[in-house]
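Below: the structure, in C-alpha cells.
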Amino acid sequence: MWAFSTARIGSPLAATSVTLRRCLRLGVAMAKSKFEYVRDFEVDDTCLPHCWVVVRLDGRNFHRFAEKHNFAKPNDSRALHLMTKCAQTVMQELEDIVIAYGQSDEYSFVFRKRSNWFKRRASKFMTLVASQFASSYVFYWRDYFEDQPLLYPPGFDGRVVLYPSNQTLKDYLSWRQADCHINNLYNTVFWALIQQSGLTPVQAQQRLKGTLTADKNEILFSEFHINYNNEPHMYRKGTVLVWQKVNEVRTQEIRLPAEMEGEKMAVTRTRTKLVALNCDLIGDAFWKEHPEILEGED
C-alpha cells in the first residue's frame, strides 16, 4: 500500500518537473532569432591576463576649449583642480583602480593586474572611464569656474594600453611625468616672453627654437627673475592619486556601562581615502613609500 501510494503522489511531481524543463528549453529557443548571427561580427577585445590595464584620457581640442573659457596661461589652477576632482570621482565610482596620474588636459588610470572587471573588456574600461570623467567635468564645472559659464560640452578621447610588468608600468608613469616637466618648462618661458616681453606667439616660438632645458632656465632667471624650481609642484610634476589608510578620530556617543552613560569618547577608526600628491614618480622613492600599489599583483 505504501509503495502504491508513493508512486501516485510522485507521479504528478515528476510530470510537472518534465513539463517545466520543456518550457524552459522552449523559452531559450524562442529567445533566439534569425538575426542573432550579427553577434558574430563583434570583436573580442578582452585584455591579456596578468597585465596592468592603463586607460589614458586626453582633452579633445582643449587648446580651443581653454581659449574659449579664458583659462589663465601658462597654467590655470582651477582647471587642474577640476581635472583632479573628475579623476577622484572616476576612482571612487569604478573598480580596481590603484593609482592615477594627471597633468595638463590628460589623466591616466591604472587598473590592477588581476582585475576581472567586466571580464577585462578594453571597450568597457575605456568607455566607462571616459564617460564618467566627462560627465563629472560638466557636473563640477561651477565649483571651480564660478564666474565662467560652460559654453559647450567638453570631450575626451581615451585609449587602453597594457603593461606586462611592474617596471614597464613605472616607466610609463615616469614618461608621462617627464612629458609634464618638458611641456610646462616650455610653456612657462613661452608665455613669459609674450606676457612680459611683448613678443608675439610666432616671435616667442622663434626665440625658443633649438633651446635646451638649461637655456630655458637661463631665460627665465636672467630676464624674468623666475627660478623654475620654485614654481608650484602641481605645475612641474603633475598630480598623483593614490589610496591611503588614514586614522580618523571622531568624538561620538557610544554604549558604556551605566555609571558612564551619556559620556562621549574619542574613537579612532582606520579607513581608506584618496590622497592627491604632487611628487616625483621618477625613481624608486615613491614606490618605496607606497609598496601597496604593486604588492600582490605578480
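Here the Cβ of each residue, glycine as well, is placed from N, Cα and C on the backbone.
Taken from Swiss-Prot, the feature Mg(2+) 1 binding site covers ASP58, GLY59, ASP105. Over all protein chains present, the Cβ of ASP105 (Mg(2+) 1 binding site) has 20 other Cβ atoms lying within 10 Å.
Contacts of ASP58 (Mg(2+) 1 binding site) defined by a Cβ separation under 8 A and a same-chain sequence distance of 6+ are given as ASP105, GLU106, PHE156, ASP157, GLY158, in order along the sequence. For ASP58, ASP105, the entry in Swiss-Prot reads Mg(2+) 2 binding site.
When Cβ atoms from all protein chains are considered, those within 10 Å of PHE62 (GTP binding site) total 18, not counting its own. As annotated by Swiss-Prot, GTP binding site applies to ASP58, GLY59, ARG60, ASN61, PHE62, HIS63, SER104, ASP105, with the evidence given as similarity to another entry.
It is ASN61, among the binding-site residues ASN61, SER104, whose Cβ has the fewest other Cβ atoms within 10 Å in the structure shown. Around ARG60 (GTP binding site), taking its Cβ as the centre, 13 other Cβ atoms fall within 10 Å, counting all chains. In the shown protein chains, 22 other C-beta atoms lie within 10 A of the C-beta of GLY59 (Mg(2+) 1 binding site). Cα to Cα, SER104 (GTP binding site) and GLY59 (Mg(2+) 1 binding site) are separated by 9 Å. Proximity of HIS63 (GTP binding site) to non-local residues of its own chain (separation of 6 or more, Cβ distance below 8 Å) is seen for none.
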